[in-house]
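As written in TrEMBL, here are the features:
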| type | residues | note |
| --- | --- | --- |
| TRANSMEM | 166-188 | transmembrane segment |
| TRANSMEM | 195-216 | transmembrane segment |
| TRANSMEM | 239-256 | transmembrane segment |
| TRANSMEM | 277-307 | transmembrane segment |
| TRANSMEM | 327-348 | transmembrane segment |
| TRANSMEM | 369-386 | transmembrane segment |
| TRANSMEM | 392-417 | transmembrane segment |
| TRANSMEM | 447-467 | transmembrane segment |
| TRANSMEM | 479-498 | transmembrane segment |
Amino acid sequence: MSWIRVLETQEYREGRCKDRHQWLDNDDLRPIPVKDRTYTWRTYFWFWLSANATPASFYGATTALAAGLSLWEGIACQLGGQIIIAVILCFNGRAGAVYHIPYPAIVRASFGVWGGYWPVINRVVMTLVWTGVNAVQGGQCTYVMLHAIFPSIARIPDVFPPDASALTSGGLIGFALFWILTTSFLHIRIPKLKWYIYVKLLFFVLCCIGMLAWTVKEAGGIGPVARQNSTVYGTKKSWLIAQYIWIYCANCATYASNAADFMRYARRPKDAFWPQLIGFPLSTLLIGLVGNIVGSTSQIIFGDLIWNPITLLDAMLTRDYTPRTRAGAFFLALGFTYSSIFSSIFENSIPPGNDLAALWPRFITIRRGFYLAAVISYAMCPWYILGTASSFVSWLASYQIFLSAITGVMLCQYYLISRGHFLIPDLYTTKPSGLYWYSNGWNYRAYVAYLMGIAPNFYGFLGVFGVNVSLGAEREYYFAYPIGLFVSFMVYWGLCLLHPPQCMMKSKEWNEPPDYVVSEDDWMTNRDASSLDDDKEKVDLTNVAVNVVRE
């Protein structure tokens, strides 16, 4: 039908993809061309400083503070958790940096070409929800910017029921404007976005300096909160420290699972490892330190703690609506809005774009996935999610038990089973002789390991929703992320030793190429050559026609 042809991606209309591959392959899921591998070590070092440069990162350590730890102990727990997740992130994204393919393609190596759909669906739901949730936070920044110009926006009658929404009517206007701005920037190709990383970071640093100087001057000091000691001691304090180290680690579980989505743009694999390993926790430390000092000053200025810098900024604007205050609030809110736009793109648009393209590659490209995710995130009315669905937000925060099990399987596949070697063309074929076909496209080993990784944590997971659980189960759940990761890793390894899959390397040698490059012509040839008929000899992993770029 003609209207279907219009909806198809360009490569399908031009006949560059064969029908049997339509559910697995398009240009955006293949190894990206060399010309688009533009991210250097500098880009990745500044990437996380830029990505974490958001108002939400200002008050990262406050939950630990509310539990009884001191501000500095909370920051130390946050740093410890971020260091752990940075290590997992860098190792799990290694395949993306070497082969330049996204998470949806990599996960097929362990779960199977059809089995890989569930991990993708598993994650796309999360990313779509967080796209909307973070857009609400960005909309609050835009609202303050508008409030500095139009005082009447704060007096618009609220159409939302009391305590039902995280936004007022004026805030909804800010959300809509933020959504339009973010959607407009999605048209820029990802390789070209690296320059916006640097600009975004510059804007945010200036905002941090301005906000810090302003609030400290108004308060006449850094405030009592920054100097107070912890209110818990002994064993209780030890358990709190352990709990919050792993909470801050698990909060970034999504980044660890989808690390390949942004590491695939690396110029060389080494460019994406050390800079992120250092830059990720460093960014959290610096931004959290500034943010918590700013929050501490609110105790002096208003008599109450206001940890959200946007709420604090709006309170200062409302208290003193003078031209000087309005100008300061406007430019600070403008900088925060700009920072939030590109954090939303890097953290909340690229992952669902890849996921949606993988779910239906015949019709969805990454760019179409961006726009589709933006529309869905608006349609789900995320201001209600933040305003009323406390159990749903708790579920989001506890989703670590599912992502850790997937990550454990992926790590085992790449480092112990495949020994760093993926037969890339076979990730995109439905031929039964494909290396990752397993049993009708599903790898039972991965799913058994996945379920076993979830099982030890599921009882504690129910406790998040109010189910009465024992103290032991509650404390065991503090370690849900490492337990799920370790159990799924070991179970998958054990099952592969008992029943070796076709893709398991017999050699103990490390077989990862320095870098992976393949031309369009070679791609089509290699894909078809790697998908032999069932009665022919399976492909020798050492005889795959790829071009390797030496570092």
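Backbone N, Cα and C atoms are what each Cβ position is placed from, and that goes for glycine too.
Just so you know, TrEMBL annotations never went through curation; they're auto-generated.
Worth saying up front: this structure is predicted, and the values here are computed from it rather than measured.
Most Cβ pairs under 8 Å with the transmembrane segment (479-498) belong to 239-256, among the candidate stretches 166-188, 195-216, 239-256, 277-307.
Long-range contacts of the transmembrane segment (195-216) within the same chain: residues 43, 46-47, 49-50, 53-54, 185, 188, 222, 287, 290, 293-294, 297-298, 301, 309, 312-313, 316, 328, 331-332, 335-336, 338-339, 342-343, 346, each at least 6 residues beyond the stretch ends and with a Cβ under 8 Å from a Cβ of the stretch. For the transmembrane segment (327-348), the list of distant contacts is 47, 50-55, 127, 130-131, 134-135, 137-138, 141-142, 144-145, 147-149, 178, 181-182, 185-186, 193, 196-197, 199-200, 203-204, 206-207, 210-211, 214, 255, 262, 309-310, 313-314, 316-317, 373, 377: same-chain residues at least six beyond its ends, Cβ to Cβ under 8 Å. Within the chain carrying the transmembrane segment (369-386), a Cβ under 8 angstroms from the stretch's Cβ atoms is held by residues 127-129, 131-133, 135-136, 160, 164-167, 171-172, 175, 179, 182-183, 186, 348-350, 352-357, 392-393, all 6 or more beyond its ends.
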